[in-house]
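Database features, via Swiss-Prot:
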type	residues	note
DOMAIN	52-82	domain '4Fe-4S ferredoxin-type 1'
BINDING	Cys62, Cys65, Cys68, Cys111	[4Fe-4S] cluster 1 binding site
BINDING	Cys72, Cys101, Cys104, Cys107	[4Fe-4S] cluster 2 binding site
DOMAIN	92-121	domain '4Fe-4S ferredoxin-type 2'
Amino acid sequence: MTVGQLIKSFTLWEFVKAHWLTLKYFFKPKATINYPFEKNPLSPRFRGEHALRRYPNGEERCIACKLCEAVCPAQAITIEAEPREDGSRRTTRYDIDMTKCIFCGFCQEACPVDAIVEGPNFEYATETREELLYDKAKLLSNGDKWERAIAANLEADAPYR
C-alpha cells in the first residue's frame, strides 16, 4: 500500500467523495416524474398500440394488399379480403396477435396507404391474453380514438420518410 492510499484510507476520502456527490445532486432539479399524473413527451416515431385508419369520408384506408402480413417477421397479422362491386378489395378480417408482435414497425412502413399505424398509446394492459387478440373492429376504434395524434406524428415524420 502506498503512502497516498494509506492517507486516503485514514481520512475516509471515499466517504467524503460520496457525500459531496450526494450534496451536488441534492440541489439540482429532480430527474424523475410522478408517472400516472405526469408523462414524458413521446417521439413522433414512437411505436405503440396498433390502429387502422380511415379516410376523412369514413371509408377504411386498407386496400387488402397484404403487404403488412407478408412483411411481419413475427407472423402476428392475419388478413382475409374479398372484392367489392366496384372492383376494389377490402378486408373482411384483419387480426393482430399483440402477444406475438415485436413492434418493429415493418407493417407501418410497408403499407402504401398508411392504413396500419402504430399509435401513441402504450398503456393497454389486459387481464387475459384473449384481450390482446385485436380484430378489425378494435383496430378501427383505436384509429378513430387516436387519429388526431397519429396524423400529427405522421406529418412530423414525413420529411424523413
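Here the Cβ of each residue, glycine as well, is placed from N, Cα and C on the backbone.
Within its own chain, Cys107 ([4Fe-4S] cluster 2 binding site) has His50, Cys68, Val71, Cys72, Ile77, Ile116, Glu118 as residues 6 or more apart in sequence whose C-beta sits under 8 angstroms from its own. Taking the mean position of the Cβ atoms of Cys62, Cys65, Cys68, Cys111 as the [4Fe-4S] cluster 1 site, the remaining residues of that chain whose Cβ falls within 8 Å of it are Ile63, Ala64, Lys66, Leu67, Glu69, Ile79, Cys107, Ala110, Pro112, Val113, Ala115, Ile116.
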